[in-house]
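Remarks on the structure that follows.
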Amino acid sequence: MEFTTIDYTIFVLLLVLSTAIGLFYALSGDRQRTVQEFLLANRDMGCLPVALSLLATFQSAVAILGVPAEIYRFGTEYWFLGCSYFLGLLIPAHVFIPVFYRLRITSTYEYLELRFNKTVRVLGTVTFIFQMVIYMGVVLYAPALALNAVTGFDLWSAVLTMGLVCTLYTTLGGLKAVIWTDVFQTLVMLAGQLAVIVVGAQRVGGMARVWHVAEQEGKISGIDLDPNPLERHTFWSLAMGGVFMMLSLYGVNQAQVQRYLSARSEREAKLSCYAVFPCQQIVLCLSCLTGLVMFVYDREHSLTPRPASSDQLVLFFVMDVLRDLPGLPGLFVACLFSGCLSTISSAFNSLATVTMEDLVRPHLPGLSESRATLLSKLLALGYGLLCLGMAYVSSMLGPVLQAAISIFGMVGGPLLGLFCLGMFFPCANPTGAALGLVAGLAMAFWVGIGGLLKNMRQAGGASPMPNSTALPTVGNLTTILATTLLPPTPTPSPTGLQRFYSLSYMWYSAHNSTTVIVVGVLVSLLTGPTPPEALDPRTISPVVPRLLCCLSPTIRQRLCCGGGDPAQTPGHADATEKSNGIPNGLGPPGPGQREEEEEEGQGYIRSATAPSYAVQETSF
């Protein structure tokens with residue numbers, strides 16, 4: 001069916017309001033005149049808008065299409081991914097946020113220079129840029145392609161419109177505009193999904209009947225406790241493997257960490273992490289209900305025409321079930337593109353941040369604040385235009401598009417391993433970190449591409465469908481790869497290396513991050529651990545003393561550089577002391593410290609003298 005005037009009006013209204021938010025923040029406050037305001041929203045955001053922005057970044061347009069299609073095809077087992085959300089958000093709140101927030105950094109990769117050296121920082125930055133540039137074009141082009149196939153909506157008009165609007169408000173309004181447009185777009189996404197569920201359930205006799213029919217047809221999955229890591233989805237792969245996927249996204253990904261750092265206090269940053277948990281559960285449940293309603297509706301009414309690929313299932317269903325209700329198809333399309341806008345705007349802003357802080361500022365130390373701000377805006381604009389170019393490249397890749405999507409997902413795990421190596425292993429040195437990252441990336445590409453080629457052969461050489469049945473995120477898009485290329489019929493049990501290539505995509509992040517840690521620790525011990533005097537205590541997670549307390553003193557000393565035991569070093573011992581009833585590290589800053597923190601756009605500041613820090617232990 002074609003769009004009506006009301007549908008187009010709702011769609012255009014989404015674009016106009018998103019642009020208006022960007023213009024508002026471009027013309028209000030300090031008018032984005034400082035790097036601090038443009039890249040970190042002046043560090044004065046509350047927990048609720050930060051939480052909704054975190055959620056919007058996770059809930060991409062491909063997820064809105066993919067998760068219901070996953071439930072339609074395989075049942076509700078995917079819902080058990082929600083079990084990973086608790087640890088996947090609790091650990092970042094108490095392990096990663098305290099370290100990043102107290103260092104007062106702008107780019108996540110500044111941490112790598114503080115902990116290791118500049119080479120490791122640049123390696124991490126380049127890896128992240130490679131990851132996000134591939135991602136941007138795919139996440140913009142794929143939904144537009146699906147929409148064009150179903151509604152006749154002009155493909156390149158959609159791509160250009162969305163790309164330019166997103167570039168405009170990101171460049172003008174900075175991170176504050178990105179966060180508030182994410183809030184608005186999250187509400188649009190929820191409204192669109194609710195409209196589809198309510199109307200669809202009503203058409204088939206109510207939600208109780210939907211559940212009853214789905215249960216009869218075997219779509220309501222039980223708990224599969226099979227520990228085999230080669231099984232695509234089990235409780236363990238979703239609930240435990242999913243934790244590592246969540247950590248790669250919410251723990252160390254620049255797009256998410258930048259939002260934590262924009263909060264007005266460490267407490268607000270932690271609260272925003274807590275608030276994401278119920279929001280994510282709601283979104284996951286809505287997606288699962290959409291898939292169940294779609295299955296029952298198709299069983300009783302039969303979607304016509306039949307979609308050519310599973311990534312079009314949701315749109316065919318929406319256009320069929322809402323065809324008599326003008327405006328609602330437009331609302332769902334607005335929902336779809338809200339996910340697209342929120343995701344790529346986060347990519348633009350985070351890319352501009354890491355490029356500015358990690359690649360430009362170190363080489364131009366005398367750059368004035370006004371020039372730095374202007375350059376940051378130009379970087380955001382440049383990445384926006386690059387996104388449009390990547391969308392065009394994506395359209396030309398054909399079957400190779402799936403390889404590009406999988407490459408994005410392969411990077412999240414090694415980066416998680418690199419940060420964990422720095423925060424949890426004081427013995428790790430720069431050589432171990434660099435070689436660990438290289439080894440993790442090599443392992444990720446080996447397993448990922450090997451699995452891709454294996455599944456393509458099993459599928460008989462047919463071109464796989466992009467974006468079809470999974471929940472892609474900024475931190476892990478291998479979900480698309482694994483579910484899209486899944487053979488529709490049972491295949492013989494793999495042997496030899498084929499078993500290795502059959503590893504469930506849900507274990508990719510855990511496997512790749514573990515490779516980085518193991519290689520990094522071994523190389524560090526062989527080449528000489530980091531000397532205690534060269535270790536900045538602020539870069540070690542405050543939970544390390546508690547994690548190491550169960551080990552023998554000999555092992556603990558070896559892991560801690562062969563020097564002092566972190567459970568007995570002054571920095572950690574002082575953590576339990578009180579000063580005037582206030583724990584160390586949480587009291588008001590001294591005069592010199594306050595002056596340093598009030599300097600805008602300076603990133604971290606190294607002291608010329610030996611630092612003395614009080615690190616507060618964080619308990620779960």
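Quick reminder: no glycine exception, Cβ is built from N, Cα and C everywhere.
No curator has checked TrEMBL annotations; they are predicted automatically.
If you look up TrEMBL, you'll see 568-620 marked as region 'Disordered'. Look at TrEMBL and you will find 6-27, 47-67, 79-101, 122-143, 155-175, 187-205, 234-252, 273-297, 331-354, 374-394, 400-425, 432-453 tagged as transmembrane segment.
With pairs at least 6 apart in sequence, the transmembrane segment (155-175) and the transmembrane segment (374-394) have 3 or more Cβ pairs within the 8 Å limit; the two touch. Long-range contacts of the transmembrane segment (273-297) within the same chain, counting only residues at least 6 positions beyond its ends with a Cβ under 8 Å from a Cβ of the stretch, are 47-48, 51-52, 54-55, 58-59, 63-64, 67-72, 76, 78-79, 81-82, 85-86, 89-90, 92-93, 97, 189-190, 193-194, 196-197, 200-201, 203-204, 207, 209-211, 213-214, 217, 219, 250, 260, 303, 313-314, 317, 320-321, 471. Listed stretches 79-101, 122-143, 187-205 were compared with the transmembrane segment (331-354); the greatest number of C-beta pairs under 8 angstroms is found for 122-143. By the Cβ criterion (under 8 Å, sequence separation of 6 or more), the transmembrane segment (47-67) is not in contact with the transmembrane segment (155-175), since fewer than 3 such pairs are found. Ranked by the number of CB pairs under 8 Å to the transmembrane segment (79-101), the listed stretches 6-27, 155-175, 187-205, 234-252 are led by 234-252. The stretch from 155-175, 187-205, 234-252 that makes the most Cβ contacts under 8 Å with the transmembrane segment (6-27) is 155-175.
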